[in-house]
Each structure stands twice: as C-alpha cells, then as structure tokens.
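Novice: After the structure tokens below, expect a handful of questions from me.
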C-alpha cells in the first residue's frame, strides 16, 4: 500500500475541485483505502482530495510585480498610424484578446472536471443540528465537451438525489446543490458549460438495533418480556429457578373497562397539556430553518394530576383496582401503543419530506419501529413531546402510590414500610426533577433525531410506567425490612447520584443557553467546525456522559431498598446500564460524524465514556 505524503495537521495548498486554483488547507485525515485526504479550507469547508491535487506550501513562490506583455516596440503605437486606420476596423489588440479569450474558453470547456458528489439521505435531517447525512462520499468523473450536454435522470421510489453544479469564476467558486424532482428535468447552461451527472444509487444506510431483524424481534419480544417479568414478580418465590411462571389465559388479560380507564387517563393528560399555562419556548432549528414552539407546563400538569388523585382518595375511590388489574392495564397500554404506532406510520406517508426523521431508512418495518416522522403534530399538539413526559412519567408516580396503598392493605400495615417510602420518595424526586427541567428535553436525541414510532411510543407509554415502578410492585408481595443505618447509606448514595446527575445536566444546559455567561468563564472548551464548543472541564471533563453515571447511581439506590433476597428487583439497574451504554454508543457515532477532528481531540482530553477509570 503506498505511503502517505502529507501528515495530519499539516498546512498545504489544495486545488479546488473543477478549477486550477489552489487554496491553503489543513490536512484532517487520510483514507488508506481510497487514498483520499480529508482537508479543511479556511472558510470551514471540508472536502476529500487526491494526493495529486495537494501541493506543499514551498512549491508556491510569490510572483514579482508586473505582468507579461509584448515587446516595447509593440506596446508603443504610432499615433499617425493610429489616425490613418479605418474607423470601422476594431483595434488589433481587441481582436487578439477576443481570440485569446475564445481559445481560453475552449480550453476551459474541455478541461476534465472532477467533482466530489455527496448524496444526501433519502430524507431530511429534521432537527439535526449537524446537518450531516451519515452516508459515504464518492467521486464522479466527467469529461466536459465544448458544447452543452443535457442528460435525463431516472429516480427510484420516493427519493430525490442531488446533482452538483460548479460555476467557476476567477476569484469566486461556489458549489450549488440543486434538488432534482422525481420527474425528468433539464439543466440550463450559465457561465460555464453546465455538466449534469448521472447519480448512482445510494447504498443502504447502516441501521441500528440490528437492522430489520433486530427491530422485528424487539417489537415482539419486549411486550412478552414485560409480561413475564410482571408474572414472575407476583409469584411467592420469584426465583429464576421458577421460570417460566404460570401463564394466565389470554381472555383473562383483556378487560374493556380497564382499557376505558386507560383512555380516560390519557385524555386527562391531553387536556392538561393543552391548557394555556406555562411559558412557550422554541426548539432546535429544523432542516428548513423553522423552530417549533413548545409549551412547558409539565410540572403544572403534575400538580393538577396530584390534585385530582388527592380529591379521588378523599372521595373514597378504590385505587386497589389498579393493582388487582395491573396486568390488564399493561396490556391496555400495549394495545393503545400499537394502535398509536400504526396511526403515526400511516400519517407519516403523507408528511412532507422536510418533516421526516433523520433516523428513518425507507424500510417499512424499520421505520415503523424507529419512527418515520420527526415531529408529528395535530395542530399545535405535539404527539411525541406530549408522550415523552406526561402519560408515562406522571403515570409512573401514580402507580407507585397505588403500590404503596396496596402494600398497606395486603400486608395489613398502618404505615408503609421504610423500603416502600424510600422507593416512592426517590422516584418522585426523579420525576419532579424531569418535569421541572422540561426544557432540557428539547435537545435530547429522542426529540432532535429519532422519529416517533413504536420504539418511543412503547417506551414512553408502557415500559416507563410498568417497568420503572417495578421495585414498588415487587415490595407489595415481597416485603423487605430496611434498617435505619442501611437506609442512611442508601440515601447518601441516592444524594450523590442526584448531585452528579443534576450538576452535569445543569452545567450543560446553561452552557448551551449562553456560552458567554461569566459564571461559566472558568470552563475549558474545544472549538468545532460547526461553530459550537465542547466542554472539557467541570463535570464534562470528568467523563463524556457524567449525567449517565449519576442516573445509574440513583437507579442502584432504588434497587438496594428492595434487599438482596432476589435478583428480580435489580433487573432495572441491569437493563438501565445496557440502555445507557447503547445510547452512549449512538451519541458517540453521531458526535464523531458531526464534529470530526474536534471530537477526536475531545476524546483524547476526556478518555472515559461513563465510568471514570473503567469505561
């Protein structure tokens, strides 16, 4: 394999594609397979160039002043001859310059132009800040003829490809991207003979979660796994040796009244969401420059829900019904989630291309899972944003309260157990914190990258309320007496986790809002080509995702309150660790694509991902 000539970070001069002009560039990286250098121009443009198009700075010598010209005798014209020339004849110099210009045009038109085409993904980027499409780049070669050429494009399916048109000028070059409609279209020549390129089909996008087979198994496996966990937890001995648990008849899992109660709960949260209370903020920019508006009233919805629940308890409403029909409620939520996912996919088929998610792929099964439309809305009602925090997260707290009351009734207690109080208090703090800092949700991957499909619908409406309340559900049938010294240690652990979690998130959010805040002047950063800075000190110099570390420490505290008799209550911390490690890998992939060399420097400065000195 030939050795590379230029090193990373070396400042050289690179030829602008399609011209003979060289500009000062910095070598970013080198691909040994394609033998292409990734370079960065002074204006921030990053391109891939061949080694022949790159020259060291020493090969360019400053030219002396003055210009080449004809001999002095030719420069000096005779005034008498000038006066005797026929007025109708053009000057000799004008004829010569016109001829030279014509020959230059011919040479310019016959020059072989090499343009690097970067095909866009078959869908827009939605809220993606980086605007990077994540697809490989390739080179198209063409010989430009003297006369204009017009070629037709054949496009497949719903996709639109990108043709690159170069308009070269002596001092100004620009690359224009023009979207080709699904029908045939012709280009009109402008200053230079315009070339149209036959764009080759884009290779299949790399899919997450194991691709189509992976998401297919997840969609069918997660609901089954959820019900097996709940059935195991209701057994007297939830040991793994007793797996699988006895399965109830299918007709016993469905009850229309339960489904009606769940719909009522969902509609109540919709009403609270639509109330004109709370401030309105703008989200991150979409691909077309729009910024959607969001009303931050999640905390108010929680207060109103608490008032409704308190009034219901005072009126004597029997909440034990939820515990005794817990499996039926889980099934009702699952059915509702599937129906909602079908609706979301069907409506996304008519959504404008600019409204599609950057995570979608064009495959029906995968897009049904990951979500095809980025921000599905009915008027001003944002379905994804609503489901992220309202029905599931607030429902989690309500279910915990139901389990606390069920423990008192089943175990004949005058007051709840200390373990149940710890679990309820810890998780209540977690939910209130999320609702109080609702605006931070607008910059998460769920909002700016993932569409709204089965993955988020099932996670928000089923997995969160019925799995995150698993410790409280476990304690109803398997009491655990926690001593006060042990409880004190658990509280300290929870407090440490919360300080890390909230401190890291608050620091990140404050820096995003105002990087020039004097209170943040002590923080060190790395500048990126996107214009943004990466924090490399404070909490974010400790690990790349210190908020994940705090989250996991808090999750461990929730599980410790359940004792050590069974591994079942520790399922949450095991699952949550796997979830955050996978999410960190997704973040790593997108940030590397977005920030490039700056992200590599950041990883050198902050080598640990989540667990300092471990991972």
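Glycine is treated like the rest: Cβ placed from N, Cα and C.
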Novice: Which one of these stretches, 561-581, 582-602, shows up in Swiss-Prot as transmembrane segment?
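Specialist: Matching range for transmembrane segment: 561-581.
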Novice: Using Swiss-Prot as the reference, determine which range in 212-232, 233-253, 359-379 is annotated transmembrane segment.
Specialist: 212-232
Novice: Look up transmembrane segment in Swiss-Prot and report which of 481-501, 502-522, 523-543 it refers to.
Specialist: 481-501
Novice: Of the modified residues 55, 59, 601, which sits closest to residue 594 (N6-acetyllysine) by Cα distance?
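Specialist: Ranked by Cα distance from residue 594 (N6-acetyllysine), first place goes to 601.
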Novice: Looking only at 55, 594, 601, which of these modified residues has the biggest number of Cβ atoms within 10 Å around its Cβ?
Specialist: 594
Novice: Give the mean pLDDT for the domain 'Tudor' (1-62) on the 0 to 100 scale.
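Specialist: So the average pLDDT across the domain 'Tudor' (1-62) works out to 81.
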Novice: From the DSSP assignment alone, can you count helix, strand and coil residues within the domain 'Tudor' (1-62)?
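Specialist: In the domain 'Tudor' (1-62), the DSSP-based counts are 6 helix, 28 strand, 28 coil.
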Novice: What is the nearest of the modified residues 55, 58, 59 to residue 601 (N6-acetyllysine), using the Cα of each?
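Specialist: Minimum Cα distance from residue 601 (N6-acetyllysine) across 55, 58, 59 lands on 55.
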Novice: If you count Cβ atoms within 10 Å of the Cβ of residue 59 (phosphoserine), leaving out that atom itself, what do you get?
Specialist: 9
Novice: Let's check the environment of residue 58 (phosphothreonine): how many other CB atoms sit within 10 Å of its CB?
Specialist: 8
Novice: When only pairs 6 or more apart in sequence are counted, do the transmembrane segment (326-346) and the transmembrane segment (481-501) reach 3 or more Cβ pairs under 8 Å?
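Specialist: Touching, no - the transmembrane segment (326-346) and the transmembrane segment (481-501) miss the threshold of 3 or more Cβ pairs under 8 Å.
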Novice: What residues elsewhere in the chain lie close to the transmembrane segment (481-501), defined as a C-beta under 8 angstroms and at least 6 residues from its ends?
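Specialist: For the transmembrane segment (481-501), the nonlocal Cβ contacts are 417-419, 422, 426, 429, 433, 539, 546-547, 549-558, 560-561, 563.
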